[in-house]
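S.K.: The 5-phospho-alpha-D-ribose 1-diphosphate binding site annotation in Swiss-Prot covers R107, K108, K111, H113, E133, D134, L135, T136, T137, A138, G139, G140, S141. Taken from Swiss-Prot, the feature orotate binding site applies to T137.
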Amino acid sequence: MFSNAFTDKTVMAELVAKMLWEIKAVHFRADEPYKLSSGMASPVYIDCRKLISYPRIRSAVMDFAAATILRDAGFEQFDVVAGGETAGIPFAAMLAERLGLPMIYVRKAPKGHGRNAQIEGHMPEGARVLVIEDLTTAGGSMFKFIDAIRAAGGIVEHGIALFYYDIFPEARGNMKSKGVDLHYIATWRNVLAVAREQALFDEKTLNEVEAFLNAPLAWSERNGGVGTLAAQ
């Protein structure tokens with residue numbers, strides 16, 4: 001169960017950013033941009049899955065996730081924690097343990113044989129479900145799982161991402177318009193702040209990353225990626 005240590009939000013964000021650098025889960029590469037699944041060119045890349053391999057770090061991050069949810073959403077607002085296939089599953093298990101709640105996981109699509117189930121585990125009709133993902137950009141992937149839970153009779157009004165890109169100002173509003181409040185611990189701006197503080201890169205690289213965070217689609221288009229995104 002959660003230890004009830006409610007660390008300040010800004011401290012949590014900075015610590016998670018430092019942890020991500022420590023385990024080399026975040027990368028800056030402005031001169032040879034990454035190509036994201038959306039088609040965007042990006043000077044930044046993150047692999048939150050690495051967190052599960054570092055017990056002390058993953059424990060701290062999940063304590064922060066529990067604190068974020070309890071403080072921002074409430075103590076008695078959920079009946080079930082859900083993780084999306086596949087990255088969200090281990091984090092859902094760890095968060096459910098801390099919150100003292102049952103856990104389910106949601107497939108990207110029904111498995112196509114047997115019960116043809118998309119949701120694994122027990123979710124009562126009308127259950128209030130907290131959905132967790134390792135990261136989200138604009139919430140699109142999270143809604144694939146939310147829609148499946150709602151179709152099966154669950155109620156989803158909150159989602160949490162351990163890491164939120166926070167590069168599209170309209171993203172949280174779009175999620176809110178679909179009935180979901182998004183909670184998160186750290187963003188790219190926290191990661192950039194740590195990189196500047198620790199002088200991890202030259203000034204040109206840091207400035208390119210900041211330019212991307214300020215205008216991601218314009219930066220993408222200038223660097224060979226798409227300049228618009230498909231509607232979420």
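Glycine too: its Cβ is placed from the backbone N, Cα and C atoms.
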S.K.: Using a 10 Å cut-off, grab the number of neighbouring Cβ atoms around the Cβ of E133 (5-phospho-alpha-D-ribose 1-diphosphate binding site), all chains included.
M.R.: 24
S.K.: Using DSSP and collapsing to three states, where does E133 (5-phospho-alpha-D-ribose 1-diphosphate binding site) fall: helix, strand or coil?
M.R.: strand
S.K.: Quick check on the binding-site residues T137, S141: which one has the highest count of other Cβ atoms within 10 Å of its Cβ?
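M.R.: Of T137, S141, the one with the most crowded Cβ is T137.
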S.K.: What number of additional C-beta atoms lies within 10 angstroms of the C-beta atom of L135 (5-phospho-alpha-D-ribose 1-diphosphate binding site)?
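M.R.: Excluding its own Cβ, L135 (5-phospho-alpha-D-ribose 1-diphosphate binding site) sees 19 Cβ atoms within 10 Å.
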S.K.: Three-state secondary structure of S141 (5-phospho-alpha-D-ribose 1-diphosphate binding site) from DSSP?
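M.R.: Looking at the DSSP assignment, S141 (5-phospho-alpha-D-ribose 1-diphosphate binding site) belongs to a helix.
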S.K.: Specify the count of other C-beta atoms within 10 Å of the C-beta of R107 (5-phospho-alpha-D-ribose 1-diphosphate binding site).
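M.R.: Here the count is 17.
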S.K.: Validating a neighbour-count step here. Other CB atoms within 10 A of the CB of G139 (5-phospho-alpha-D-ribose 1-diphosphate binding site): how many?
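M.R.: G139 (5-phospho-alpha-D-ribose 1-diphosphate binding site): 22 neighbouring Cβ atoms within 10 Å.
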